[in-house]
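The annotation ATP binding site is assigned in Swiss-Prot to 139-190. The feature domain 'ATP-grasp' is assigned by Swiss-Prot to 111-205, with sequence analysis given as support.
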Amino acid sequence: MPVGLACNADDVLSIAVLCGGSSPEREVSLAGGKRIADALGRLGHRAAVVDLNRESAHQLLAMAPDLVYNALHGGQGEDGCASGLLDILGLAYTHSRVAASSVGMDKVLTKHVLKSLGIDFPEFSVLTKEEVLSAKEVMPYPFVIKPICGGSTIGVHAIFSRSEYLDLSVHADALEGRMLVEEYIPGQEVHTAVFLGRAIGTMEF
């Protein structure tokens, strides 16, 4: 059952900042989690960093925070596992619910949802690691090869030429069993935050 949190702007909250974990994005998450906890402290809240591990459920229950701030990147933090755990523990948290997280973390599932909504996206195919490394032409250049689940651009390779494609063998150990191969679309990356259905700010990268 989802847990809500009602509070006033001047309330002092006990907040557990959940970060770290075991995904390839662990270090990014730890750095972000510390900055978030520091910022919450400056706002007057009681914030503590919790590094996700096997004991985290017991730790969170003992802390009984007013809110869990999900600062995890990738893996269990974004695929719905952390959301499911926090639902079971009956703790209020930031982040999407289980279903939205699990779909959003999987780039292929996300594309199927986008297609059902009539939203355009780059041409793509899903290949095994062996197919990617076979040196066969998989798509007209340029294209992008990326993990199906993952973020922070870890494991992402933009391929502009045959020689760059052949160089992928150097990264063979880091490639996943199934990879997304996607048409390269040049442009500027922008992120827009949406809260309660309202856009609250856009950043350009």
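Each Cβ is built from the backbone N, Cα and C atoms, and glycine gets one as well.
Feature map: Swiss-Prot annotations on the structure.
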residue: M139; record: ATP binding site; Cβ neighbours (10 Å): 18
residue: K146; record: ATP binding site; Cβ neighbours (10 Å): 20
residue: T153; record: ATP binding site; Cβ neighbours (10 Å): 10
residue: F160; record: ATP binding site; Cβ neighbours (10 Å): 11
residue: D167; record: ATP binding site; Cβ neighbours (10 Å): 12
residue: V181; record: ATP binding site; Cβ neighbours (10 Å): 19
residue: Q188; record: ATP binding site; Cβ neighbours (10 Å): 6
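Confidence over the domain 'ATP-grasp' (111-205), given as mean pLDDT on the 0 to 100 scale, stands at 87.
Secondary structure of the domain 'ATP-grasp' (111-205) per DSSP (helix as H, G, I; strand as E, B; remaining residues coil): 23 helix, 33 strand, 39 coil.
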